[in-house]
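Colleague: Pasting a structure here, questions to come.
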Amino acid sequence: MWTFQADRLSGIVSALAALCVACCAQSPSTGNISVVKEIVDKLLKGYDVRLRPDFGGNPVTVGMSIHISSIDQISEVNMDYTITMYFQQSWRDKRLAYNDLPLNLTLDNRVADQLWLPDTYFLNDKKSFLHGVTVKNRMIRLHPDGTVLYGLRITTTAACMMDLRRYPLDQQNCTLEIESYGYTVDDIVFFWQGNDSAVTGMEVLELPQFTIIEQRLVSREVVFTTGSYLRLSLSFRIKRNIGYFILQTYMPSILITILSWVSFWINYDASAARVALGVTTVLTMTTINTHLRETLPKIPYVKAIDVYLMGCFVFVFLALLEYAFVNYIFFGRGPRQQKKQSERISKANNERHRYEEKRVREQVDPYGNILLSTLDMNNELLATDMMSSVGDSRNSVMSFEGSGIQFRKPLASRDGFGHHPTLDRHVPLTHHAAARNRANCRLRRRSSKLKLKIPDLTDVSTIDKWSRIIFPITFGFFNLVYWLYYVN
């Protein structure tokens, strides 16, 4: 009986002892801390940080996982992007396995300096730093089977080579490449832990100028002269948001181009207004171009926005040249052409007048009479002048002779009493007709010169009328081709 009671009591004590050990393991008691201290001291005693796990045996497999906290900046000028992330690596080191405590041990970050760590680096890194507020943001956690979890909070600036030919209607592909610096595939093998779910946080990011379209995880082996290395790549594709550029670049350029067309409705003799408007629009487009170049790298090829701004600049500049052409036509070349034309007309009239005088002189008989039958009867001007110089029918007598038609004018008697037809003498009319003809020709030439020298300033220029139609249609066609090409 006493034996049975002793066995029962021993079982109860053992159960209570096991329960106490479990409670002590789960609670931060002084005994538990001492156990952990003993475990850590035991693990680090004789640990050689210079040797990788399973040195000389199979390669160490290191799993990678990343949580993206933010993408802070994407710079076209420097061709890079800045990303803040939680970078975690895990591997198994049998030298760090323990059985005394069935718990994971999260240790101080300074313990990481006493353990072997993978020589991981970012291949396209430009500048990186480990956050150190309030202490270094790194974590080391040990599992009973020897698995080590090493986490860091890193901000890195990585290179991202961009093709800006379609800027700002472009899409870019940026990568973050991870590789071992010294260990080849014979010593260490990287892999994405969790496959496609190894990278998280990308789907909730909101960037001011970009939209993340997709992300891909790639693993490949690369060969260098020092050996083969396994490289992990995080690739994400981003699309630029066009809204900012429409408000800041495209709309101002369109409005300035349309503003330059206002000069087509301004009278062409208002030189100050049209020149001031044209020069102002040209300088404004130049300012927009200059500001844009300062925000982009100096690349050798033409970007999409360069094509658009250059097209707008050409339209604005052509609007200014259009007025220069109109001004030259109406106030430069026009008067010179009119002067040349009036000189040609004057020269032709003088030659005609000399020719007519020569013909008249050749057709005068010895008595000074003009034989009208030999003159050109179709010359209305000369006939009119001759008839007006002779006078009315009461003081003139027309006689028809065999040799032609002659004008005869009666001579006044010496004593002032009337005149007799029989006393008429042949009076030459050559000098009177020629003088009157010359006077009339001079008056007509002067009036024609006045008409030629005074342009009709009340009509709007035909060039301006056509410009009002051609410029908007051409600019609309330019926009149609531009947006169809670059958007699609």
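A Cβ is built for glycine as well, from the same backbone N, Cα and C atoms used for every other residue.
Small disclaimer: the values here were computed from a predicted structure and weren't measured.
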Colleague: Is it the same side of the membrane for Glu179 and Thr462, going by what Swiss-Prot records?
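Modeller: Topology check (Swiss-Prot): Glu179 vs Thr462, domain names differ.
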Colleague: With H, G and I counted as helix, E and B as strand and the rest as coil, say where DSSP puts Asn104 (N-linked glycosylation site).
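Modeller: SS state of Asn104 (N-linked glycosylation site) = coil.
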Colleague: Using a Cβ-Cβ cut-off under 8 angstroms and a sequence gap of six or more, which residues of the chain neighbour Asn173 (N-linked glycosylation site)?
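Modeller: When sequence neighbours closer than 6 are ignored, Asn173 (N-linked glycosylation site) has Ser235, Phe236, Arg237, Ile238 within Cβ distance under 8 Å.
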Colleague: Could you say whether, by DSSP, Asn173 (N-linked glycosylation site) belongs to a helix, a strand or a coil region?
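Modeller: Going by the DSSP assignment, Asn173 (N-linked glycosylation site) falls within a strand, counted as strand.
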Colleague: Using Cα coordinates, what distance in whole Å links Asn104 (N-linked glycosylation site) and Asn32 (N-linked glycosylation site)?
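Modeller: Distance between the two Cα atoms comes out at 13 Å.
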Colleague: Measuring Cα to Cα, how many Å separate Asn32 (N-linked glycosylation site) from Asn195 (N-linked glycosylation site)?
Modeller: 37
Colleague: Let me know the model's mean pLDDT on the topological domain 'Cytoplasmic' (327-465).
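Modeller: The answer is 54, the mean pLDDT of the model over that range.
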Colleague: Using DSSP and three states only, what is Cys160 (disulfide bond)?
Modeller: coil
Colleague: Given the glycosylation sites Asn32, Asn104, Asn195, and counting only Cβ atoms in the protein chains shown, which has the most within 10 Å of its Cβ?
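Modeller: Most Cβ neighbours within 10 Å: Asn32.
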